[in-house]
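This report concerns only the one structure given below.
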Amino acid sequence: MVGPTRSKLREGSSDRPQSSCTGQARRRWSAATMEPQQERSAPQERTKWSLLQHFLLGGRKLPSGARNYAARRIQSLNAQNYFQLEEVAKLLLLNRFQFLFTLLDHFREKVQALQMHRFSHRTLFGLAIFVGILHWLHLITLFENDHHFSHLSSLEREMTFRTEMGLYYSYFKTIIEAPSFLEGLWMIMNDRLTEYPLVINTVKRFHLYPEVVIAYWYRTIIGIMNLFGIETKTCWNVTRMEPLNEVQSCEGLGDPACFYIGVIFILNGLMMGLFFIYSTYLSGSQLGGLITVACYFFNHGEATRVMWTPPLRESFSYPFLVLQMYILTIILRTSTVHKKHYMALCFSNVAFMLPWQFAQFILFTQIASLFPMYVVGYIEPSKFQKIIYVNMSSVALCFILMFGNSMYLSSYYSSCLLVTWAIMQKKSKIQKLGGTELQFWLIQGCFWWCGTIILKFLTSKICGVSDHIRLSDLIAARILRYTDFDTLIYTCAPEFDFMEQATPLRYIKTLLLPLILVITYLIFKKIVRDIMCVLYTNTYVRKQLLDNAELIFHTLQLLAFTGLAILIMRLKLFLTPHMCIMASLICSQRLFGWLFCRIHFENVVFGILTMMSIQGCANLHNQWSIMGEFTNLPQEELIHWIKHSTRPDAVFAGAMPTMASIKLSTLRPIVNHPHYEDADLRARTKIVYSVYSRKSAVEVRNNLLKLHVNYYVLEEAWCVVRTKPGCSMLEIWDVEDPSNAANPPLCSILLKDSRPYFTTVFQNSMYRVLKIN
């Protein structure tokens, strides 16, 4: 149901610049003070027991297998026997009462421990809920301040979802507007609007399980509330600044965009609560959890972009990676692992991989961190084998749930799992090849890397996905400095550029980087000592190695995330939160117990937090000071013109971000879109983007007609925009098509006069719609 419509003046706003040791010591002291008491009381106990045995057995020892019992009768008692009997009676009575008192005292201690344990868990989860709500409020505040989302019309809200965000949201919109949920699901699994005239399964291609689940929740919740007559949204007439007309704006669960964004922010709020629990477990202290939460907030702009771009795949996927790494930490630390932990690991793997195509490469770096730990001996072979089997099961489940998507079988992740399993099966044979322990390690490492690369290449050829762009291909292009049209389209985008030089400086100002360097240094000292112990003394310190497994894993994973973030700036979303988690180890007794036995570690922690907060609070203030209001009048005019002046089956082509908005808001068929990983789509996009090349107009027109395009949306900015040297469309095309480098740009010609091969049918300050003749 919809509440009453009221008038509300949109407020003016400025534009956004861019639209514990003490307890252990006490236990040791208690044990040390009790031992002498036990030694002093031992002779007395032996005297009493000898007296009791002498009286009952007449000085004889008990026969083998006999039980102690008192004589049934005493025929005669002399004075000595009387006093002996009295002493025995006191002893028996005292022992019984001592046993009873000891039992009651032990029971009382158990109850107190249980109550303290329950209170500790209540406190832990209570704090986790608190920081989760805090993060949720932080996200919605930043999002509202930036977009003024509560005052936008439905069309304006859709336009805020630019590039691939609009593409994902369009499928959510399709399901909720369909007559039934199953009909909507069938529509997106047999979609003809996205890559016209092809019919594609968008759930398989675009990893749309989040949209399917949220759409199901939306239809269910709204259906129940409508059944009981509960109001689901309230609408206003919002007066916009001149020359914009008045629009209707709605808030509440009944508004699809508000519901969709709300679910994403709730999920990421829960993630912050999970961060607190995770880091508390890793560090062994709730203060460690506090350190992680504070570091995350103080470095929020470097840790996530969910507050600016909610519908991106990482917003749904990354919280489940945090859950997966928490469960894996429990498995690595615990000596006896229950089946439920492996089941939870499998679930979190699947939940992490299903929404995001890049997730498999992140899990590959995880196996690459675990394998050397297995080789050196930080992980028991049986435990590591179970972890590999769980990961294999996760790949199989994702392959099934994604309708046989061959990308899951041809990735580095699946290849390294098979190679790891093979090395474990043939370990005895491989051991014969190496003489020393170090040689054995190196041979296994070479087999692992070479086998993974070769198997990945073979499976890609067999599955026919060798031409698809993945995260690994972009990293390889970065390292090898290989450039072509496809890689430049990616790497010229700011989020796929190298890490900014200012990023490490920001980490230093909040003390995050210095803290991580100290912690990493201490862990590496442990690693070197352990390896030297194995290699040079030939003594395998199994207990110590197993105790340090989770610390080694997090350090190796930190190195992997650092490398990824340096090569691709977008992957800071893995590095910065992981640094925040590892910062909690400043409260670890195993790393800093030598320090905390000399000074109170609470003072150290709060001192660090105080110094962090100097720059951290300034960062938060900068985020909160971002005030803006979304508006894009040229695109709004374009969408209105398309809705009212073109047929519903008119096919459009143009820049990928604009095509996503046209598909979302007008439901017109498009031939290209921002999901650029597929090889066929990249070929289509290259044809579409040839308008910005130096090719002839007739050649471009003929290629567009082969794609059944009726209208081309030309953007003047794309003709001249240059984000950095070598990244304008003309420069990219000169690399791809050097034979036409001497010709004039086609875009400039079409802007002057589009005839005879095109006709300009719509024009404003940003867009021109060219009808293809």
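From the backbone N, Cα and C atoms, a Cβ is placed for every residue, glycine too.
Keep in mind that what you see is a predicted model, and the values were worked out from it rather than measured.
Taken straight from Swiss-Prot:
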- 1-45: region 'Disordered' (REGION)
- 1-122: topological domain 'Nuclear' (TOPO_DOM)
- 144-209: topological domain 'Perinuclear space' (TOPO_DOM)
- 231-256: topological domain 'Nuclear' (TOPO_DOM)
- 278-311: topological domain 'Perinuclear space' (TOPO_DOM)
- 333-358: topological domain 'Nuclear' (TOPO_DOM)
- 380-386: topological domain 'Perinuclear space' (TOPO_DOM)
- 408-437: topological domain 'Nuclear' (TOPO_DOM)
- 459-507: topological domain 'Perinuclear space' (TOPO_DOM)
- 529-548: topological domain 'Nuclear' (TOPO_DOM)
- 570-590: topological domain 'Perinuclear space' (TOPO_DOM)
- 612-773: topological domain 'Nuclear' (TOPO_DOM)
- 123-143: transmembrane segment (TRANSMEM)
- 210-230: transmembrane segment (TRANSMEM)
- 257-277: transmembrane segment (TRANSMEM)
- 312-332: transmembrane segment (TRANSMEM)
- 359-379: transmembrane segment (TRANSMEM)
- 387-407: transmembrane segment (TRANSMEM)
- 438-458: transmembrane segment (TRANSMEM)
- 508-528: transmembrane segment (TRANSMEM)
- 549-569: transmembrane segment (TRANSMEM)
- 591-611: transmembrane segment (TRANSMEM)
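Sequence-distant neighbours of the topological domain 'Nuclear' (333-358) (same chain, 6+ residues past either end, Cβ-Cβ under 8 Å): 207, 209-210, 313-314, 316-318, 320-321, 323-324, 327, 383, 386-387, 390-391, 393-395, 397-398, 401-402, 407-408, 470-471, 546, 549-550, 677. By the Cβ criterion (distance under 8 Å, sequence gap of 6 or more), the transmembrane segment (257-277) is not counted as touching the transmembrane segment (359-379), fewer than 3 such pairs being found.
With a cut-off of 8 Å on Cβ pairs spaced 6 or more residues apart, the transmembrane segment (438-458) and the transmembrane segment (359-379) reach 3 or more such pairs and are scored as touching.
Through the fold, the topological domain 'Nuclear' (408-437) approaches residues 353, 360-361, 363-364, 367-368, 371, 374, 381, 384-385, 388, 391-392, 395, 398-399, 402, 443-444, 447-448, 451-453, 455-456, 459-460, 462-463, 465-466, 470, 472, 534-535 of its own chain, all at least 6 residues removed from its boundaries and within a Cβ separation under 8 Å.
Here the topological domain 'Perinuclear space' (278-311) returns a mean pLDDT of 93 for the predicted model. Summarised by DSSP class, the composition of the topological domain 'Nuclear' (408-437) is 21 helix, 0 strand, 9 coil. Same-chain residues lying 6 or more positions outside the topological domain 'Perinuclear space' (278-311) and placing a CB less than 8 Å from one of its CB atoms are 20, 123-124, 127-128, 131, 135, 138-139, 142-143, 146, 161, 164-165, 168-169, 260-261, 264-265, 268, 272, 318, 322, 325-326, 329-330, 503, 506-507, 510, 512, 550, 554, 572-573, 576-577, 579-581, 583-590, 601-602, 605, 608-609, 612-613, 615-617, 619-620, 622-623.
In terms of DSSP helix, strand and coil, the topological domain 'Perinuclear space' (380-386) has 6 helix, 0 strand, 1 coil. Tertiary proximity for the topological domain 'Perinuclear space' (570-590) is limited to same-chain residues at least six positions away from its ends with a CB under 8 Å from its CB atoms, namely 20-21, 24, 275, 278-280, 282-285, 287-289, 291-292, 295-296, 299, 302-305, 314, 318, 321-322, 325, 362, 495-496, 499, 503, 507, 512-513, 515-516, 518-520, 547-548, 551, 554-555, 557-558, 561-562, 564, 596, 601, 604-605, 608.
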